[in-house]
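Peer 1: Okay, handing you the structure first.
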Amino acid sequence: MGKVEDNADANMEGALIARDRVGVQDFVLLDSHTSETAFLNNLRKRYQENLIYTYIGTLLVSVNPYKELDIYTMTQMQLYRGVNFFELPPHLYAIADNAYRVMCSEYNNHFILISGESGAGKTEASKKILQYYAVTCPTTEQLQIVRDRLLLSNPVLEAFGNAKTLRNDNSSRFGKYMDIQFDFKGAPVGGHILSYLIEKSRVVHQNHGERNFHIFYQLLEGGDKDLLCWLGLERNPQKYSYLIQGRCAKVFSINDKNDWKIVRKAFSIIDFSEKDIEHLFGIVASVLHFGNIQFEEDSNGHAIIRNGTQIKWISKLLGVHLSILQEALTHRKIEARSEEVLSPLNVDLAFYARDAVAKAIYGRTFTWLVNKINGSLANKDSTRKTVIGLLDIYGFEVLDTNSFEQFCINYCNEKLQQLLIEMTLKAEQEEYELEGIEWEPIPYFNNKIICDLVEQKYKGIISILDEECLRPGEATDLSFLEKLEEKVGDHAHFVTRKLADQKTRKSIDWVDFRLLHYAGEVTYCAVGFLEKNNDLLYRNLKEVLCNSKNGIIRDCFLLSELDNRRRPETVATQFKNSLTSLIEILMSKEPSYVRCIKPNENKEPGKFDDYLIRHQVKYLGLMEHLRVRRAGFAYRRKYELFLQRYKSLCPATWPHWHGPAAEGVERLIKYIASFLWLRSLLVACIVHAVFGSLFFSRLQAKYKGCLGKREYKKKREAAIKLEACWRGALARKEAKKRTWAVQIIRKFINGFINRKKPLCPENVEFVRLVQYTYFMKLRDHLPKNVLDKSWLQPPSILEEVSSMLQKICIRNLVRKYCRGVTAERKVQLQQKVVASAIFRGKKEGYLQSINQPFMETRLKENDINPKVLQLIHGEKIKYVTPVVKYDRNGFKARERLLVLTQSAAYVVEMAKIKQKIDYATLKGISTSNLSDGIVVIHVPEDNKQKGDVILQCEHIFETVTKLCMLANKQNLVKVVQGSLQFRVGSGKEGTMIFTVGQEPQIFKAKNGQLTVVSVGSRTCLGLCKYRCSCSMVLQLR
Ligand SMILES: Nc1ncnc2c1ncn2[C@@H]1O[C@H](COP(=O)(O)OP(=O)(O)O)[C@@H](O)[C@H]1O
Ligand SMILES: [Mg+2]
């Protein structure tokens, strides 16, 4: 069995140590301890692993997990019990245990200050600490009852003093300071609670989304039928106007029925008699009945109660006379000299009186409750006791509309922040300076300036408020605001709409004032400040309550109060005074701090809102605290206490030291130090044995810290060296690269400057580069065919080479082209070349004919009459085409064939050869320059020949070219203009006129001349854009 337990312990410890490895468990160990980001990262890292606690030295930072964690079990409590603070991961229990053990060993008083904004987890923390003491402190059977009462006082106070707000479903609406008293053996033997300013206004009014105090809902939900019947209540909270203003009577996270059971049980343990309970619930029910009273106007405009039911119940439950109560709710007693006059109230004032009485009885009942609990916790024994105080007070609060209550709550938080600053940041730094220890001051924001603004005598806001409340005349909330502007208007932390700059003004109403608190700015609505501060209850209502038969009410409203004519202290002043005495109580004790942080606004588990948390870290002054802890001494004690505790270690201080304590400590330390160096191990053991683990562990921790620091420094130096070498190598590499680049750039520039010089060392690389680049580019931009004339513009140094290359390239293209030409095509092209030489630029229609290839022949041999073929037998026929022949005399047109052989041209009519022209005798060939197809073949004058032949051919260029080429008489072809002479035969000559007209015509004119009319004008003769292709054809030749 024992072994199993050991194993479990070891496992748990192992797990704890493993958990501890997430981030650092003490911010003091953070490498970059001045970096807020590093701080947040550590907090986040741990929070995400459900490690909600982290230390800053001995201060505990806690982040609300918003979920149940299994770190509050019995086993955990036992684990932390009596173990040195730094040996286990951070925990509330460690803080509680540490305070407890120091208290036991030094026999002094302590307090644990739990602070943070609303919903950050203060109340939960205080409950956990209380549970820890209840479980771990030694106790006896007799003391068991004290323990139970301590624990169960909480649910009762929470039921009456807590409520659901927008920020927290179980928000404490009162401040609580609880002393737990311990006897000399360290057993809890009693307790005492101080409560601060309960938010009474909640009884009669709740904001949207908020509830009244839990007890009302618990009673309705959990109270048994008989009880409700006796109280005149219905189970449904919707029936009560004081419970439905926030419109959320039912909340899922709250189990009112269950809580009711706990509260009921608690009453029986905390010494409440049945009568007390009866009276108490009578009051709770009366408050609900008060809320349902409605007034209406009578004919005089005076208020009368609409329905008598509620008032009957109140009269029964509070034991007051019905008619007197009725009168008191609708009238006000005014004292005029020695007479008392009853003045009727109007409806508004009646409602005001109703609410005032409801608030008053609830508020005072709460105080009664605290006193009652205190009575049951009190230890009657007069032996000396030590205490540990637990302070759980309402957190800093900013609502949409902030009223007098928020003003008090936030002022209270300012005071606690001030206390913390005074006791940590300020006091410690001042102490170092005083001691002459070398110390670099760490700046922090001291919120004393804001505390002064609120509480200073005569000049502070509370004083001004009181003055307005007490002065005769018409004081209103607005006149209070004006007074504020007048008296504290120039304060850096105070603004109103009138005082604000243009930008801020929009966000402040005329009835608002704004305070720049340490935790952020809050705008307060001044409406209701005077009334709430006065907290007046009409005298006749007070009288009614003083005569109540309800024991609690009677205790709360004493008749002596009626006799006291002095005006009671205002609420704010009472609060201020109670805070001042609280601070005094705390200052006399040894502090421990828990700083609670709210991780998000939505009560959501696991959500770490960086912005929100950073803000809290800032205003809680955690960074400054860390810096002081880092720079300061880990262990500090007052000389007297230190000497008292350890004087037995040194013969010079034991048993008494008569000189100043500081000198005694010096002697003691010197003695121990020499002793330590000689026999460190032995002494360590002795010290451990004699003075307990605490001192030894601290010594050990310090020593380990030194070792760790040394090791760390060594590693750090090594890392820095390595880093420097590596950086050096990188830098050299980079420098080399840059030098190389500079050389290249310089060469390039030099090359450019000298680029026109002949090749020399200065420009050779540049020129090569230019050449290379140009040639590479040229490679991709060469002309694709013979007609493509594009050529990449060369740089000036390459112009010559480029033009040579261009020529070679073109020649190559031409060669390629020529190689691709067939023999047939070649002949065609040769003929085209001849045609070009003859007609280009001379005869119209030539250009249009270029694209039409010359045919081998227009007619085949079998189109020629066989007789004719027989006649020219022996000659090879080269070309045959149909023509129109014009008679030489009458110029009649006749269809003929022109047959060209290798030696002669024949004009053929059917089976007859009409005329043979030997090429050898051919004298010339004429055509006109117009677009007609007339060709005249000139023959010599002899008998055989009949005269020149006048033909009209459809393919004149082809026919003429073939003819002259076969005759080999290209030079004899003439292109004439205007007219030409031809021989008719036997020495006669004829004239042919060429003109231009609307349509082509050939006719014999009246003067006997042959007139040839062609269409079109001579605009282009092949000299324009076709020149290139023509010349190309010429070149082919
Ligand atoms: N240690 C914790 N573990 C689990 N839940 C917690 C813890 N501390 C706070 N909470 C949750 O946060 C809510 C608000 O905490 P509470 O202590 O009432 O805030 P405060 O008193 O600071 O206004 C609690 O009702 C609970 O749900
Ligand atoms: Mg709380």
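Any Cβ shown, glycine's included, is placed from N, Cα and C.
Per TrEMBL, the features are:
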DOMAIN    23-670  domain 'Myosin motor'
BINDING   GLY116, GLU117, SER118, GLY119, ALA120, GLY121, LYS122, THR123  ATP binding site
REGION    579-601  region 'Actin-binding'
DOMAIN    843-1016  domain 'TH1'
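Relative to the rest of the structure, where do these features sit?
Peer 2: SER118 (ATP binding site) falls within neither a helix nor a strand when secondary structure is assigned with DSSP, and so counts as coil. Applying an 8 A CB threshold to same-chain residues 6+ apart, the list for SER118 (ATP binding site) reads THR165, ARG167, ASN168, SER171, TYR394, GLY395, PHE396, GLU397, LYS598.
For the region 'Actin-binding' (579-601), the DSSP counts in helix, strand and coil order read 9 helix, 8 strand, 6 coil.
In the predicted model, the domain 'TH1' (843-1016) has a mean pLDDT of 88.
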Peer 1: Would you kindly list the residues that approach the region 'Actin-binding' (579-601) from elsewhere in its chain, counting only those six or more residues past its ends and only Cβ-Cβ distances under 8 Å?
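Peer 2: Contacts with the region 'Actin-binding' (579-601): 43, 47, 58-64, 66, 92, 95, 98-99, 102-103, 108-122, 125, 167, 177, 194, 196, 387, 389, 391, 395, 411-412, 415, 419-420, 423-424, 607-609, 612-613, 616-617, 620, 622.
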Peer 1: Which binding-site residues, if any, among GLU117, GLY119, LYS122 have a Cβ under 6 Å from ligand 1, given in order along the chain?
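Peer 2: Near the molecule: GLY119, LYS122.
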Peer 1: Can you tell me which of these binding-site residues sit near ligand 2, meaning the Cβ is under 6 Å from at least one of its atoms: GLY116, GLU117, GLY119, GLY121, LYS122, THR123?
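Peer 2: Result: LYS122, THR123.
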Peer 1: If the ATP site is taken as the center of the Cβ atoms of GLY116, GLU117, SER118, GLY119, ALA120, GLY121, LYS122, THR123, which further residues of that chain fall within 8 Å of it by their Cβ?
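Peer 2: Neighbours within 8 Å of the Cβ centroid, excluding GLY116, GLU117, SER118, GLY119, ALA120, GLY121, LYS122, THR123: ASN64, ASN168, GLY395, CYS596, LYS598.
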Peer 1: Can you name the residues of this chain that are 6 or more positions from THR123 (ATP binding site) yet have a C-beta less than 8 Å from its C-beta?
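Peer 2: Long-range Cβ contacts: GLU158, ASN162, ASN170, SER172, ASP392.
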Peer 1: Work out the three-state DSSP category of THR123 (ATP binding site).
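Peer 2: DSSP call for THR123 (ATP binding site): helix.
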